[in-house]
Structures are given as C-alpha cells and as structure tokens.
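*Asks:* Next up is a structure, given as structure tokens.
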Amino acid sequence: MDALANGRDVQLALRGIRKAFPSRGGAVPVLDGLNFDIYERDFVSIIGPSGCGKTTVFNVIAGLLEPDEGTMRFRGEIVPGLSGRVGYMMQKDLLFPWRTVLQNVMLGLEMKGVDARAATETARDYLARFGLSGFENAYPKTLSGGMRQRAALIRTLIMDPDILLLDEPFSALDYQTRLYLEAVLLDAVETFHKTVVLVTHDIDEAVALSKRVVVLGNRPARVKAVHDIALNDRSPIGARSDPRFSEYFNTLCGELDIQTRARAA
Amino acid sequence: MAIQSLSQDQAPTAQSPATPAATRRRPGALARAVDTTLGRGLIQILAVAVFFASWEIAVDAGWLTEFLVGAPSGIWRVFVKSVLDGSLVHDTWLTVVEAILGFVIGTVLGSAAGLGLWYSVLVARIVEPFIVAINSVPKIALAPIVILWFGTGFISKVALAVSLTALVALIAAYQAARDADPDLQALLASMGASKNRIFRSVIVPSTLPAIIGMFRINIGFALVGAVVGEFISSQAGLGHLIYNASSLYDLNAVWVGLFVLMFVGFLLYHVIDFAERRILPWRQVDTAGSVQV
C-alpha cells in the first residue's frame with residue numbers, strides 16, 4: 001500500500017505502439033499509437049470492446065509480436081518485448097497433456113535451465129502451498145477445470161516473472177471456482193509482490209481485482225481512459241459488495257458504450 | 001444419467017426423453033457374462049474353427065474344388081512340411097527383416113523430414129505441391145525402377161518398402177507438426193524458449209500420437225513393399241513363396257504364405273500397440289469413466 005501512495009515508479013511504459021496485420025484488402029490497423037504506464041506492483045486491467053486488440057497488446061508486451069512502431073521501456077530501458085520476464089496465462093490452461101502436473105509446473109524453471117533437482121523441490125513447495133499436493137503425478141486430463149487453471153497459475157508464479165500477463169484466465173470457469181481463483185491470485189500477487197496486467201472483457205472482474213483499469217476504444221485501438229479503482233476491500237467478494245463497486249462498474253460500462261439503459265444520463 | 005444410448009436399430013423417434021427407461025439399453029446378462037477376455041477369445045476361436053471346418057466339409061463334399069481354393073487339411077500338410085524343412089522359417093524371416101528395415105528407415109527419414117518442415121514455413125509452402133504430386137503416384141508403380149536401381153536382392157525389397165513408407169511418414173509428421181497448438185508454442189516463447197527448445201518440448205511430443213498412429217499404417221505398407229518386391233523377382237521370401245506356388249496352382253502353399261503374412265502383420269500391429277502404450281502413458285488415462293453407447 002505504501003509503495004502505491006508515494007512515488008509510483010513506472011515499471012513498464014508503452015509509447016506510441018502501433019500494429020497492423022496484413023490482410024487481403026491491405027493492412028488492417030489494430031493498435032493505433034497506444035500509450036500507457038504500468039507501475040511497480042500494479043494491477044492493471046485492460047478492457048475494451050470485443051475485437052479491439054486486447055490480446056494484441058498482450059502479445060506485444062510478451063514479446064510474441066513486434067510492434068510496427070513505438071517503444072516499450074522496462075524500468076527505463078528500451079526493450080523489444082518482455083520475453084522471458086513475463087508469466088503468461090490464458091483462458092486455456094495450456095497445460096502440456098503429456099506432462100504430469102509436477103512436470104508442467106516445472107516447465108518455466110526448465111526453460112531457465114534450473115537444475116532438475118532444485119526445480120522439483122521448488123515445484124513441490126509451490127504445489128503444496130496452493131493445495132495441489134497429491135496431484136504431482138497426475139496428468140492434466142484427470143483434473144477439474146479449476147485445478148488445471150490453478151496448476152497454470154502456479155506454473156506462471158514459479159518462474160518469478162516481473163509481470164504477470166493474464167489473458168482472460170478465469171473466463172472459462174464457473175463463477176464459484178472463479179471467485180476462489182481470483183482470491184488465490186490476489187493472495188499470490190500480494191505475497192510475491194507481483195505486477196499484473198489482466199486482459200479481460202469482464203468489467204466485473206476488472207473492477208473487483210484491479211488497482212487501475214485501462215479502457216481501449218474501438219479498433220484501431222487507442223487508450224480511451226484510465227480509471228483508478230479505490231475499493232477498501234480487495235477480496236473478490238468484498239470488492240463486489242463495496243458501495244463504490246457499482247459506480248465503477250457503471251462508469252466503465254458507459255466507457256464501453258454498452259447500451260443497458262442503466263445510465264441514461 | 002439421462003438417455004444413455006441411442007443404438008442404430010432404434011428409430012430416431014425413439015429418442016424421445018419422455019420414456020427414458022424404455023430407451024435405455026443395457027447389455028443383457030448373457031452379453032455381460034461373455035464379455036471377458038476369455039469369453040471373447042473362445043468365441044473368436046470358435047468362429048475360426050467353424051470357418052475352417054465348413055471349408056473342409058465343402059471340399060470333401062465336392063462343392064469346392066481343392067485345385068482352385070485349396071483345403072485346410074492340405075494347407076496344414078504344406079505348413080508342417082515347410083516348417084520341418086526350414087524353408088518357411090527362412091522365407092518368413094527374410095520378408096519380416098525386409099519389411100521392418102524398410103519400415104524403420106522410411107519412417108525415420110520421413111518423420112524427420114516432415115517435422116523438419118516445421119522450421120520453415122517458406123520451405124514447407126514451396127515443397128508442399130511436390131510432396132502432394134509425388135504422393136499421388138501409386139508408389140507400387142515405382143517398383144520396376146527400384147528393382148532396376150537396387151537389383152533383385154535384399155536391398156531392392158527394403159528400398160521398395162522405404163519408398164512406400166517414407167512419404168506417408170513425411171505427410172503425417174508434417175501435418176501433425178503444423179497442427180501443434182500455437183498457444184503452447186507462444187507460452188514457451190514467452191518463457192524465452194528458443195525455436196529448438198519449442199521443437200523439442202512442444203512439436204515432438206504433440207506430434208507423437210499422430211506419428212505412432214502412422215506406424216500402424218506404415219507397418220502394413222512396409223510388408224506390401226517387401227512382398228511386391230519379392231513378386232517381381234526374388235529367390236526367397238513369403239512373396240516368392242506365394243508367387244511361385246500360385247504359378248504352380250499349388251493353392252495350399254499360397255494359403256500358407258498368406259496366413260503367415262496375416263499372422264506377421266497382426267503381430268507387428270500389436271507390437272506397435274504395445275509401444276504406443278509405453279510411449280504415450282498420458283493418453284491412456286481415464287477411459288474407464290466414458291459412457292458406453
């Protein structure tokens with residue numbers, strides 16, 4: 001909390017990011033000069049109308065796509081992308097079906113070249129911490145959706161990434177499991193002091209989890225607005241019961257031009 | 001536990017959920033008692049016995065001419081004789097070695113090339129029409145050239161088996177590599193993995209099921225290559241046995257060759273089945289809970 005109050009250090013700055021994809025009728029611009037900052041230990045949600053290029057932003061940050069124009073600075077240094085520094089999590093759990101839970105969780109450590117014994121040790125610790133001990137040797141196929149996504153979260157956290165990039169990680173889960181995993185995520189982010197960038201179409205989730213919400217406009221996307229979310233209780237259920245929750249929710253709905261008649265002002 | 005089964009013999013209207021108890025079909029007591037390894041085995045043996053007995057009876061009764069179709073008793077005599085003089089073992093051994101060598105070489109070369117195409121989309125796109133064109137030639141038609149190039153001995157049979165299996169392996173491996181989940185690859189890339197690393201950790205394991213599935217097809221093709229090679233010119237082998245015997249109208253000997261080939265193919269198929277279960281343990285889990293329809 002104190003880190004937030006005084007001097008918000010910029011961890012990642014995006015400036016003038018442009019990206020177009022080639023198609024039959026010429027290049028289709030997707031990102032049109034995107035500017036925003038992500039602070040240290042921030043929790044930023046990126047929301048926007050569907051198809052606006054949220055996932056493209058995500059892929060640019062992850063270093064999977066090269067922007068046509070623009071720069072990214074990580075702690076002041078210009079970087080091409082954050083490949084190897086980010087933890088990446090998607091709606092699909094992306095567990096490797098041929099690896100056991102333990103081997104899946106170890107994946108990132110393996111890529112970093114960590115010694116196998118040490119990696120196994122760490123992986124077991126993490127599994128125990130997140131309540132998956134006993135499932136080390138199970139194949140993902142045998143686990144429930146919630147457990148698989150939990151394993152995916154552990155796999156993301158174990159690499160100790162600078163930034164967690166989450167692309168609608170919980171949207172395929174039922175509501176209860178989702179609330180539970182949101183709590184697990186918030187707890188883990190607090191414990192390990194992580195920065196999170198969450199791409200979502202779910203305004204409810206964005207408000208409940210984030211410290212800030214970046215709203216993108218229609219394609220080609222620019223930043224339409226950035227909202228600070230100041231809820232006292234940031235537990236998934238607590239946040240949703242906060243009186244200001246619906247206020248934020250409505251504001252963001254308005255930003256996205258969602259026609260619900262709720263806000264006919 | 002709604003409607004469990006809709007078997008083919010029921011009219012589509014029978015699936016009305018109003019009477020689930022009536023449409024739910026459970027195996028009867030007899031089916032359940034028989035459906036064990038022993039029970040199924042006994043039925044299978046019985047079926048074979050009935051088949052050969054009726055064949056023998058038909059020949060004895062004069063409904064079939066032994067000269068044209070052979071007879072089980074005659075097949076057995078030829079079998080025992082050729083086992084005793086060692087010729088059958090020699091022929092079988094030769095054909096099996098030709099087929100297995102051809103299978104291994106063709107499959108390894110083809111799979112490696114197919115997986116290798118994953119590395120370059122450009123090369124893959126350039127090569128694709130050529131692969132399709134070559135594949136559309138019935139490869140058995142290459143046999144005369146293969147004999148010309150590799151002679152009439154052992155090598156030419158292996159070469160023919162290779163020519164039959166390599167392209168099948170290449171196409172199967174290439175397609176499987178192309179279908180490998182791009183998100184898994186992106187995940188590894190985000191972890192800073194190199195292209196070689198992604199190849200080893202995603203492409204190879206995710207194509208293995210398709211590649212092993214292709215083994216089943218290719219072991220058959222390898223046998224075809226070996227046998228056809230022997231048809232064209234040879235001094236021994238099961239293909240030689242069959243070809244020679246049929247030109248002498250020795251139908252019983254032809255059947256011996258065919259049945260041994262059948263047995264060999266059957267055995268090799270199960271070897272691959274066994275290998276698959278060892279190599280892909282992650283695919284074996286959790287079939288017990290699936291709904292029986």
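Placed from the backbone N, Cα and C atoms, the Cβ positions cover glycine too.
Pasting the feature list from TrEMBL:
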| type | residues | note |
| --- | --- | --- |
| COMPBIAS | B:1-10 | compositional bias 'Polar residues' |
| COMPBIAS | B:11-27 | compositional bias 'Low complexity' |
| DOMAIN | B:88-272 | domain 'ABC transmembrane type-1' |
| REGION | B:1-27 | region 'Disordered' |
| TRANSMEM | B:33-55 | transmembrane segment |
| TRANSMEM | B:92-118 | transmembrane segment |
| TRANSMEM | B:130-151 | transmembrane segment |
| TRANSMEM | B:158-177 | transmembrane segment |
| TRANSMEM | B:197-215 | transmembrane segment |
| TRANSMEM | B:254-272 | transmembrane segment |
*Asks:* Going along the chain, which residues at least six beyond the ends of the transmembrane segment (B:197-215) come within the CB cut-off of under 8 Å?
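*Replies:* Contacts of the transmembrane segment (B:197-215) (Cβ under 8 Å, skipping residues fewer than 6 from its ends): 103, 107, 111, 115, 118-119, 168-169, 172-173, 175-177, 180-181, 184-185, 188-189, 272, 275-276, 279-280, 283.
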*Asks:* If you count Cβ pairs under 8 Å, which stretch among B:130-151, B:158-177, B:254-272 touches the transmembrane segment (B:92-118) the most?
*Replies:* B:158-177
*Asks:* Where else in the chain does the transmembrane segment (B:130-151) make close Cβ contacts, counting only residues six or more beyond its ends and a cut-off under 8 Å?
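*Replies:* Distant Cβ neighbours of the transmembrane segment (B:130-151) are 159-160, 163-164, 167, 170-171, 174, 224, 228-229, 232-233.
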*Asks:* Cβ under 8 Å, sequence separation of at least 6 from the ends of the transmembrane segment (B:33-55): give me the contacting residues as numbers and ranges.
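*Replies:* Distant Cβ neighbours of the transmembrane segment (B:33-55) are 27, 64, 69, 71-72.
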